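Residues or ranges marked as active site, proton acceptor in TrEMBL: A:ASP91. Annotated active site, nucleophile per TrEMBL: A:ASP265, in sequence order. Residues or ranges marked as substrate binding site in TrEMBL: A:ASP91, A:SER92, A:GLY93, A:GLY94, A:PHE95, A:ASP145, A:GLN188, A:GLY215. Look at TrEMBL and you will find A:CYS303, A:CYS305, A:CYS308, A:HIS334 tagged as Zn(2+) binding site. Among the features that TrEMBL reports, domain 'tRNA-guanine(15) transglycosylase-like' is placed at A:12-367. Among the features that TrEMBL reports, region 'RNA binding' is placed at A:246-252, A:270-274.
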2 protein chains.
Amino acid sequence: MSKHFTLENEDKGARAGVLELPHGKVHTPIFMPVGTQGTVKTMSPHELKDINAEIILGNTYHLYLRPGHKLIEKFGGLHKFASWDRPILTDSGGFQVFSHSGLNDITEDGVHFQSHIDGSKHFLTPELSIEIQNSLGADIIMAFDECTRYPAEKGYVLESLKRTARWEKRSKEAHRNFDKQLLFGIIQGGMYKDLREKSAEQIMDIGFPGYAIGGLSVGEPKDIMFEILSHTAKLLPKDKPRYLMGVGTPFDLINGVESGIDMFDCVMPTRNGRNGTVFTWNGRINIKNATYHDDSKPIDEKCDCYACRNFSRAYIRHLYKANEILALRLNTYHNLYFYLELMRKIRKSILNNEFEEFKKEFVENYDN
Amino acid sequence: MSKHFTLENEDKGARAGVLELPHGKVHTPIFMPVGTQGTVKTMSPHELKDINAEIILGNTYHLYLRPGHKLIEKFGGLHKFASWDRPILTDSGGFQVFSHSGLNDITEDGVHFQSHIDGSKHFLTPELSIEIQNSLGADIIMAFDECTRYPAEKGYVLESLKRTARWEKRSKEAHRNFDKQLLFGIIQGGMYKDLREKSAEQIMDIGFPGYAIGGLSVGEPKDIMFEILSHTAKLLPKDKPRYLMGVGTPFDLINGVESGIDMFDCVMPTRNGRNGTVFTWNGRINIKNATYHDDSKPIDEKCDCYACRNFSRAYIRHLYKANEILALRLNTYHNLYFYLELMRKIRKSILNNEFEEFKKEFVENYDN
């Protein structure tokens, strides 16, 4: 199955590659904008192509509850339903079941949970998660796992990762579209190196065409996160794509790449954008700040995106104060462009064996 | 001054023409999308060009209060501030002072009012309205008037229209950019034909390069509105553009054109779009309706807009239920496209002396 992924170059641990998926090629390292409910918030598919997003996420938990995977399947899958013809990755729903819903009661079979929309009761199992994801039809789907919280007792994490391995095995057995959808495994193990090793061993024993590292950026200090990340990434096979789930800041992405990660997703550029926080090559700013009241500069003078080519900080700030949707649109557009451009620059630097120089220059200019 | 407007054809009262403005040509009859706060809600300037909007509106009342006309002037005017290089029309602020704000106390000098944003007290006069509009720099600006309510006593309407004439005279005297901004006069007179005649006479005596009909669609029955409209339009000079303010439904536009109106504006396509109501060539539908749950058809099968070429009713309904901004965007985009396309078809039918046939066909298909 490794034919899907071609490693093009390695530069001191950082990797550049190409992932070939049913709906197109993905150039790694890649950032995947999050489209929770079948749309990347405030963006149109046309705009996502404008900024050259190569792959986006969909959330199984949300789409299962609304509008329902059976409806989406009837429309020919999520690609057709949402009018997006490039690759999609769906998560397993596990993370959202634990973080979004009321009552979550874990059994060997699966997880009982309540909908955050109407309080209705549901039971999510590895089999149901895969059934939903098969209906949605994303290019990459994820095995059903438990993302342990931080902090968590070692004994609990051990029990959890063993159950997660059993769930992932059942996920693989339930999968029906091996030729059209790659099923990735997920490594857990909390902040314990030996448990990360144990989880990696168990998940690799099951065997998947790609591996994700879950359970990071869940509240732990950054130094612990990066220590566990680099330790875990080293355990994974070189010829398979590696995906760090739900991370993170521009620094996190650069450090993740340095640890050998190929794929990232995070709500940060979209959520922050809607809250007025925009990323520039000199660091983050909040466009709502009074200091931008009469600022005629664009969000970032070094940026070539639609928002920066056409609008001033003062105008976008005005749109915010006036509760105009265009403010959310412009900030989201810019932030996603920034994240994708960052990854494209990282990729280029890896191909040129200049990743270290790129990182140094970025860190010097970027004031978080 | 009539050189700005060229009448191309008349077809049983309906008129097709071209209005040449500093920022470009406007082909009449025209619908002008409303950009109250310096943005047409949910739309980008790029999208407005996609649907070929030739002129948009800005609201003096809103822009005066936030972000302030002085700031916009500092940025080179509303065109540059909002990154819109085609024509703009601004209203006088009079209508909003009466409809949006608390406390409005009319004196001969002007109107005392309270901001709907922070309750601050302001005094809007003809001179200030024109000063603001000169700062904003729209291609067409409007004289300051009082829009009388419905119903209103004849005695009050008479006093009001006489004061409005004095205010409009002061507006003309205060105007500083005759070469760059056309100042239009406004006819009032409520639902009294003789008072409409009196107002038209007084306003035309002052003399403007274009005339608007105000004070219609303020709660009166439709038959009264159309009677007053056609009576008033007939009083206006043929060689000047005629603008019916704040109207209306697709039927209203067609009837307005039939009465000899050249320009229209209304929040209906944008506001309705945000509320889920979309216009089709067969009538209005509400996309939130459960009946569209699994409807794979576009909003309108006869429509070529971006929304209709790419998305199903079921998908847009899902976006609504999930509170996704893309729902508001797609509906607004479609509705404005529909309104502009309706006007383009009307214009073409007038140029071909087929307006009556067009109206007949539209009315037969359109079930309100």
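Cβ coordinates are placed from backbone N, Cα and C, and glycine is handled just like the others.
TrEMBL feature annotations superimposed on the structure.
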residue	record	DSSP (3 states)
A:ASP91	active site, proton acceptor	coil
A:ASP145	substrate binding site	coil
A:GLY215	substrate binding site	coil
A:ASP265	active site, nucleophile	strand
A:CYS305	Zn(2+) binding site	coil
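Neighbouring residues of the recorded Zn(2+) site, listed in sequence order and excluding A:CYS303, A:CYS305, A:CYS308, A:HIS334, comprise A:PRO298, A:ILE299, A:ASP300, A:ASP304, A:TYR306, A:ALA307, A:ARG309, A:TYR333, A:TYR337, A:PHE338 (Cβ within 8 Å of the Cβ centroid).
Across A:ASP91, A:SER92, A:GLY93, A:GLY94, A:PHE95, A:ASP145, A:GLN188, A:GLY215, which the record gives as binding substrate, the greatest C-alpha separation is 15 Å. Away from its own ends, the region 'RNA binding' (A:246-252) comes close to residues 95, 216-217, 225, 264-266, 268, 279, 338-339, 342, 362-363, 366, 368 of its chain (Cβ-Cβ under 8 Å, at least six residues beyond either end). Sitting within 8 Å of the Cβ centre of A:ASP91, A:SER92, A:GLY93, A:GLY94, A:PHE95, A:ASP145, A:GLN188, A:GLY215, and not among those site residues for substrate, are the Cβ atoms of A:PHE98, A:MET142, A:PHE144, A:GLU146, A:CYS147, A:ILE186, A:GLY214, A:MET245.
Counting residues per DSSP class in helix, strand and coil order gives 3 helix, 0 strand, 4 coil for the region 'RNA binding' (A:246-252). In this structure, the C-alpha atom of A:CYS305 (Zn(2+) binding site) lies 21 angstrom from that of the residue listed as 'active site, nucleophile'. Cα-Cα distance from A:CYS303 (Zn(2+) binding site) to A:ASP265 (active site, nucleophile): 22 Å (rounded to the nearest whole number). Taking a C-beta cut-off of under 8 angstroms and a sequence separation of 6 or more, A:GLY215 (substrate binding site) has the following same-chain neighbours: A:CYS147, A:THR148, A:TYR150, A:GLN188, A:GLY189, A:GLY190. According to its DSSP assignment, A:GLN188 (substrate binding site) is coil. A Cα-Cα distance of 14 Å separates the residue listed as 'active site, nucleophile' from A:PHE95 (substrate binding site).
Each residue contributes its Cα atom, and for A:ASP145 (substrate binding site) and A:HIS334 (Zn(2+) binding site) those atoms are 33 Å apart. Under 8 Å, Cβ to Cβ, and six or more positions away along its own chain, A:CYS308 (Zn(2+) binding site) finds A:PRO298, A:ILE299, A:ASP300, A:GLU301, A:HIS334. DSSP gives A:HIS334 (Zn(2+) binding site) a helix state. Cβ-based neighbour count (10 Å, all protein chains) for A:GLY93 (substrate binding site) stands at 27.
Sorting the region 'RNA binding' (A:270-274) by DSSP state (H, G, I as helix; E, B as strand; all else coil) yields 5 helix, 0 strand, 0 coil. Of all Cβ atoms in the protein chains displayed, 30 besides its own lie within 10 Å of the Cβ of A:SER92 (substrate binding site).
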